[in-house]
Amino acid sequence: MNSLLLTAVEQGLVFSILAIGVFITYKILDFADLSVEGTFPFGAFIFARFITLGLSPILSTLLSFLLGTLAGLITYTLNIKLKIKALLSGILTMTLLYSINLRINGKSNVGLFNYSSIFDNMEEIVVLIIIVAIVKILMDLFLKTEVGYLLIATGDNETLVKSLGENCNKYKLIGLMLSNGLVALSGALMAQFQGFADITMGTSIIVVALASIIIGDTVFRNSRKLRGTTRAIIGAVTYKLIGAVAIDLGLEPTDLKAISALIVIVFLSYNTFSPDLKIKKQKKEGAL
Amino acid sequence: MLKINNIKKTFNMGTENELIIFDDFNLSIEKGECTSILGANGCGKSTLFNIISGVLSQEKGEVILNGKNINSLKENERAQFIGRVHQNPSMGVSPSLTILENISLSEKKCQKFGLKKLINRNKIDDFKEILKTLDLGLEDKLNTEVKFLSGGQRQSLSLLMATLKKPELLLLDEHTAALDPKTSRLIMEKTQELIKTHSITTMMISHNVRDAIKYSDRIIMLDKGNVVLDVRNGDITEKELVSIYNSRNFDSSLREAV
């Protein structure tokens, strides 16, 4: 494989975990959680901190996931307990995390080339495929459990969840913590993949995540069998490949942000304006 | 069975739009009976249901269910005693989940939800049997997402899910009002079958005088938060009821069955 394309697929796999994380809040809970812009570098800096302290790469990566869930706890507390609107809660968490991220290692950029990483013993692509597969399988299994279904139902219809005797807030907390944990895990993987953690690595990362989810939804919109996690993974890899092609065509890396935004705009408007015969057909069959 | 004592409820308290819905409101519902609640929009019917089911809290007074004061219980904690079917058929289901997934959730109502798999293949035949009683062919669509069902099918499913665990009190909140006349009649028949079979105490909000006469044991009319009529079915004719209903200026909201 062309090295540019290989790198794009590898980065896409790293971002697919981010996309699965955002999928939980954006698609399942219908909660626009912007805190991930802070959580992604948070995961990277936590990893940097623990690896420089001498912990193993696997343990440091797992700790990034665990501590990342706390970002979800902060957003939950702001939104549910302090009744601040969802969007603003996420922005506030993101802003809090900006300063916290700078405190973790005392600087805005930490080089990791001299430290070990989870990619040391195997090809990067193999390691990433294994990690993404584990995350995807666990996530799919979780969504088939009683708690998983209540998470979906909470995003769908809170009245129903209450009528089942359950407290919706519990499921919002689970969703937000899991989502932010996965985003931090993705940040930790990115830090190891690129060899440094940087304070700017979270900037407009939410657009990358949304782009991945929207691409996955659009390309396979008629396949009802495909799970949301699979769509997120395919979407993230496709997104990165589109970026790679753009650079190959002579665009500057600095143009990529605008391209991300354009991708989201194009795919969203395609979803809105294209006639979708298959879904209409299903509706007809179901409605008798 | 259900006692509502000295309820006071005010909306927009302390503002110029302050509206006292109930002031010292009392009501007692007998076990096993179906009581219809009639009244114009804004008379307090839905507020009453919201207070009973814990969606709204009252400033004064108490809600007593089977001798137990349930004032301090939250909406989700009251769900173990109370089932509710809303006017909007989508309120009682999770539209993006399948029929099987929805029924499986309601079958676990008020039990502990954990990390076990929700769908139990051994129960599918039971669910099919239950769905068959609706006579809508839903038993053959277990894996269809509920959002693809018609309003009537969705409302039948909501009704089934709300009564699956046999609530002590069933609240029907204009549950046929969003449906066409034929489907509406069908759902009313199914409702009647379910509450008679399981002898569930029921309160039904309706604008439909004919339904109230046909299906309930007792008819209560509310106006501005007060009970203005409280009769046993049989003590009043449909004509008399319509005439009282109209005399209260309810004509704008009066809808007779077709």
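We count from 1, first residue shown onward.
Just so it is clear, glycine is given a Cβ too, placed from its N, Cα and C backbone atoms.
Record features (TrEMBL):
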- A:12-29: transmembrane segment (TRANSMEM)
- A:41-74: transmembrane segment (TRANSMEM)
- A:86-105: transmembrane segment (TRANSMEM)
- A:125-143: transmembrane segment (TRANSMEM)
- A:173-193: transmembrane segment (TRANSMEM)
- A:199-220: transmembrane segment (TRANSMEM)
- A:232-250: transmembrane segment (TRANSMEM)
- A:256-273: transmembrane segment (TRANSMEM)
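At the 8 Å Cβ threshold, with sequence separation of at least 6, the transmembrane segment (A:173-193) comes into contact with the transmembrane segment (A:12-29) through 3 or more pairs. When the stretches A:12-29, A:41-74, A:86-105, A:125-143, A:232-250 are ranked by Cβ pairs under 8 Å to the transmembrane segment (A:199-220), first place goes to A:232-250.
Listed stretches A:12-29, A:41-74, A:86-105, A:125-143, A:232-250 were compared with the transmembrane segment (A:256-273); the greatest number of C-beta pairs under 8 angstroms is found for A:232-250.
Spatially, the transmembrane segment (A:12-29) is not adjacent to the transmembrane segment (A:86-105); fewer than three Cβ-Cβ distances between them are under 8 Å for residues at least 6 apart in sequence. Long-range contacts of the transmembrane segment (A:232-250) within its own chain (CB-CB distance under 8 A, at least 6 residues past either end) are made by residues 4-5, 7-9, 11-13, 15-16, 18-20, 22-23, 132, 136, 208, 211-217, 219-220, 256, 259-260, 263.
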